[in-house]
Amino acid sequence: LQGIFVLGLPYALLHSGYSGLLLIVLAAALCCYTGKILIACLYEENEDGQLIRVRDTYEDIANACCKKLSPNLGGIVVNVTQVVELIMTCILYLVVSGNLLSHSFPYVPVTESTWSVVAFVTLLPCIFIRTLKIVSKLSQLCSLVHFVIILVVITYCLTQMHQWSWAKFRLSVEFEDFLVSIGVIIFSYTSQIFLPTLEGNMKNPGEFRCMLNWTHFFACVLKTTFALTAFLTWGEKTKEVITDNLPSFLETLVNLCLLTKALLSYPLPFFAATEIVYSCISKGNHSNYRSPLLALTVRGSFLLLTLLMAMFTPHFALLMGLSGSVTGAAMTFLLPSLFHLKLKWKNLSFLEKCADISAFILGFLCSLAGIVCSIKGLLEAFG
């Protein structure tokens, strides 16, 4: 899920200057922290003081926090938020695929929407995916392709070291541009939606916190290196998607790699979204939950929905920014810190409470800034 945003990091540095480098590090630490407190909400101490996993999903955590208001209110809010974010992500991958195919084969006289249909056809087997095991294998291939893309860009940038200059960094930045940079940097780290399932499927869940620390550390190092080398290479000419700065022979190669990555990335959010809806429809009806026909119907409907929205939604990128500012910030910062305070208040130290409150406030400010920028962009786009 992070690949699209990672390619925009050099552009974010263009508009945030030296503060952007600090933001990349702070965002890694903050997202790592909210991931840990979210998983902590799955556990409660028993009579012997041992931590026992009493909840399995984000929905369970939300229901536990809102049970006094309504037994299922929290779960409904979380599920709707998750599905919206996941489906919007799937649509984005289709839009990006159509765009990449159009740029890779400019001599073929078809529109981007038609190319999106071509990408859609290659994704039809997704309706037959029944387990996370298949999705994990596709995600491994996706990570490999992502590494190749980063390696190609960094290698080319290193060949241009003779023209690097730290003078390209800004000391002062425009406030609105800085807000856009914050959004790109923070949302390049988001993964909280998948963490409860990931932790629950680990052979040794006790290693989860260590795994989260190392993955965010290496992600921070890789993203800083990538963003820094690319920005030092192109400076003020840095484009929104850094691959557009590459020479034509490399750009075509990288665009095809990005297309492969987008198609391999699609199954994860698609599977997660359909599983949420499938389980909600089948809740309380065991026989329907086992129905292959129901599962195929749900997956097929969602697959078709993503295609229709990719083809006919005007200014989708701006709409994605608006929904992402709401759902992304909520699932990454607002809800984990709020749930942690609610469920663990009595056991938290003063510093832990301050950390949770700070994460909530930062998440709220990021969300508000993203909403304002996205609405302004939509108003300008629609005249």
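Glycine residues also receive a Cβ, built from the backbone N, Cα and C atoms like all the rest.
Keep in mind that TrEMBL annotations are predicted by a computer and have not been checked by a curator.
Sequence annotations record features per position, and here TrEMBL assigns domain 'Amino acid transporter transmembrane' to 2-375. If you look up TrEMBL, you'll see 20-43, 76-95, 115-132, 144-166, 178-198, 210-233, 253-281, 293-312, 318-339, 359-379 marked as transmembrane segment.
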Original post:
Sequence-remote contacts (6 or more beyond its ends) of the transmembrane segment (293-312), Cβ cut-off under 8 Å?
Top reply: 87, 90-91, 94-95, 98, 113, 116-117, 120, 123-124, 126-130, 270, 273-274, 277-278, 281-282
Subject >> Winner by Cβ pairs under 8 Å against the transmembrane segment (210-233), considering only 20-43, 115-132, 178-198, 253-281 >> reply: 20-43
Subject >> Intrachain neighbours beyond the transmembrane segment (253-281), with Cβ under 8 angstroms and 6 or more residues off its ends >> reply: 1, 3-4, 7, 59, 79, 82-83, 86-87, 89-90, 93-94, 96-97, 100-101, 103-104, 119, 122-123, 126, 129, 132, 134-135, 138-139, 141-142, 145-146, 148-149, 152-153, 193-194, 197, 243, 246, 288-289, 294-295, 298-299, 302-303, 306
Original post:
Hey, which bits of the same chain come close to the transmembrane segment (76-95), Cβ under 8 Å, at least six residues off its ends?
Top reply: 1, 4, 58-59, 61-62, 66, 112, 116, 119-120, 123, 193, 262-263, 265-266, 269-270, 272-273, 276-277, 280, 302, 305-307, 309-310, 313, 316-317, 319-320, 323-324, 326-328, 330-331, 335
